Amino acid sequence: MGRSESQMDITDINTPKPKKKQRWTPLEISLSVLVLLLTVIAVTMIALYATYDDGICKSSDCIKSAARLIQNMDATAEPCTDFFKYACGGWLKRNVIPETSSRYSNFDILRDELEVILKDVLQEPKTEDIVAVQKAKTLYRSCVNETAIDSRGGQPLLKLLPDVYGWPVATQNWEQTYGTSWSAEKSIAQLNSNYGKKVLINFFVGTDDKNSMNHIIHIDQPRLGLPSRDYYECTGIYKEACTAYVDFMIAVAKLIRQEEGLPIDENQISVEMNKVMELEKEIANATTKSEDRNDPMLLYNKMTLAQIQNNFSLEINGKPFSWSNFTNEIMSTVNINIPNEEDVVVYAPEYLIKLKPILTKYFPRDFQNLFSWRFIMDLVSSLSRTYKDSRNAFRKALYGTTSESATWRRCANYVNGNMENAVGRLYVEAAFAGESKHVVEDLIAQIREVFIQTLDDLTWMDAETKKKAEEKALAIKERIGYPDDIVSNDNKLNNEYLELNYKEDEYFENIIQNLKFSQSKQLKKLREKVDKDEWITGAAIVNAFYSSGRNQIVFPAGILQPPFFSAQQSNSLNYGGIGMVIGHEITHGFDDNGRNFNKDGDLVDWWTQQSANNFKEQSQCMVYQYGNFSWDLAGGQHLNGINTLGENIADNGGIGQAYRAYQNYVKKNGEEKLLPGIDLNHKQLFFLNFAQVWCGTYRPEYAVNSIKTDVHSPGNFRIIGSLQNSVEFSEAFQCPKNSYMNPEKKCRVW
């Protein structure tokens, strides 16, 4: 039998025997040792590199922050010559103002992004939505329902006009229909009480400045159809706006007459609307300039209703104007009777005196044409496309925009403005990181402490006033993120909007409902105490606020995001961002307006005469500094150093306090790791992030508008003005003395 294959020998009998193993040569041994050593060194180096701390932060958040800062800046610019160009040059090259925008800035980009979130949360109904949220979503859907809006033309407005004495220019036989029953008191009161529209006389219920727990009636000068009284010069840079304004009136009057089936006499319409412009121009000239209305002590004139009748006896259409009838016509809508002994605060006595001779020159038809027009112009954008388009040239003249914002953007903002707590709930649930609240609370505590410590450095303020200032700073109440109730208390939120009932196909009626609801709510407050725990803003807002009557600072959820704040970004950026904003809002309690209110929010003079005089002297430095800035986009006009003083004081105080708070942080916690790819230390990064918040630009038309209407300086001057006054900035960037960013004369109030 042969052998099994499994047992075959594995070595062939013919395979030669192996040779005896040879030893390694000294060279081979040396090379092997060398390779081993190199391998060990390489592994060690890799291990060391992986754990080596080179002082550079390599986290994804640091990389993102560095990329954002680098992208926005122009490193080739000289920081000591023009820090705006240095900080924002890259941003300006990359960004073009959208056709729908009058200006564009980092602030506006954040607002655009917030609007996207609002759109997402408002457009999708959910079965679990509480009633208040359902109403917000219904209101939004009615607003974006352009098919329904366009199909109705101007009919919703035409149905409403008889409730406000009609619009004479667009009414056949107005004198016969309305003229006999018309009275100025009733006409002005109806627009005010039902729709919150204040024409000729601004009557409103608000907090009593001298007793901030109570509400009181106020009488003030009205807002105007054009942005400011300056526009009514109607020459030079204002000529186009005046022409577009009258053309806007004429176009709407023709549309209404056409829709009513009335004949159109273009010459007659033009004559009537030019008369409206003439009347409004006289009213504008009677108003007091904004720079003369900055002292709340001088604005506050308390008197009884009977005294108002004696002091400001007006006459319209040959009849004495009854202040009592006018007041009660408004307040009767909320079932409140106003006796002649009722106290009223008059903010504009000079206006009322100047108004008297104007009123005798015009007829009821002229007044009603103006009153109804001022109401109609607000409602045109709620009507069909034909009506909306009538506003195009006017919008271009005031804002420089050639296109409307997307419908969904306008609607998201409208719903947010009218149902801020319902929308705030949706925003918070979708986008707000709750842990931010505690970090910001700590920042507020730090910056408040710095403000109080800084009082010791002030040589212009005496000890008595410093003590009162410290008490006020300690009494400031903060509100961060959102009111807890909007998320946790469904019943309270539902009850807030209980009276509102919207229909998806009746957007115009929904708007009217909101106007009535809002005005009724405000008028009813006259006999109620002020709720100082109430938030003065919604959560879905990219902004921050100070209330002098409440001595309260508010930082809504919408602003607690980069570049202002992130729990993950470097602290230098947080202090330069939200830290500066916190300091800014605290300082508002001590600016040219806020300093007149005490720790309880009452208009009380708590300053010694010497300290008050010194404050005005210190402030005057900033009035001159900012008033000397010439803005090319506004035709070379100079900024108004008086109107912008409060904001400029707050900017300067805020940047100084935030920087000192950051220095304290570094002393306590040590230096932070540097950001990758950007050759700046954290002192420099603090100022860079502060500046980049204000990167932006304006359309020339809106620059002309805002230089007269905005109490803030334009972004570039907010950067330059405050940093020119900062010794710490010049030290951080080693700016030579008398360079543009480091002038010898520096202004400081706080």
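Glycine residues also receive a Cβ, built from the backbone N, Cα and C atoms like all the rest.
Non-local neighbourhood of D651 (active site, proton donor): H584, S713, R718, G721, S722, each in the same chain, at least six residues away, with C-beta under 8 Å from its C-beta. Annotation comment: Swiss-Prot describes D651 as active site, proton donor.
The annotation peptide binding site is assigned in Swiss-Prot to R103 on the grounds of similarity to another entry. Sequence-distant contacts (6 or more apart, same chain, Cβ under 8 Å) of R103 (peptide binding site) comprise I97, G696, T697, Y698, R699, Y702, S706.
Residues or ranges marked as domain 'Peptidase M13' by Swiss-Prot on the basis of sequence analysis: 56-750.
Feature annotation from Swiss-Prot assigns region 'Disordered' to 1-20.
The topological domain 'Cytoplasmic' annotation in Swiss-Prot covers 2-28, and the record cites sequence analysis as its basis.
As annotated by Swiss-Prot, topological domain 'Extracellular' applies to 52-750, with the evidence given as sequence analysis. Mean predicted confidence for the topological domain 'Extracellular' (52-750): the pLDDT average there is 98.
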**Request:** Look up R103 (peptide binding site) in the DSSP assignment and reduce it to helix, strand or coil.
**Result:** strand
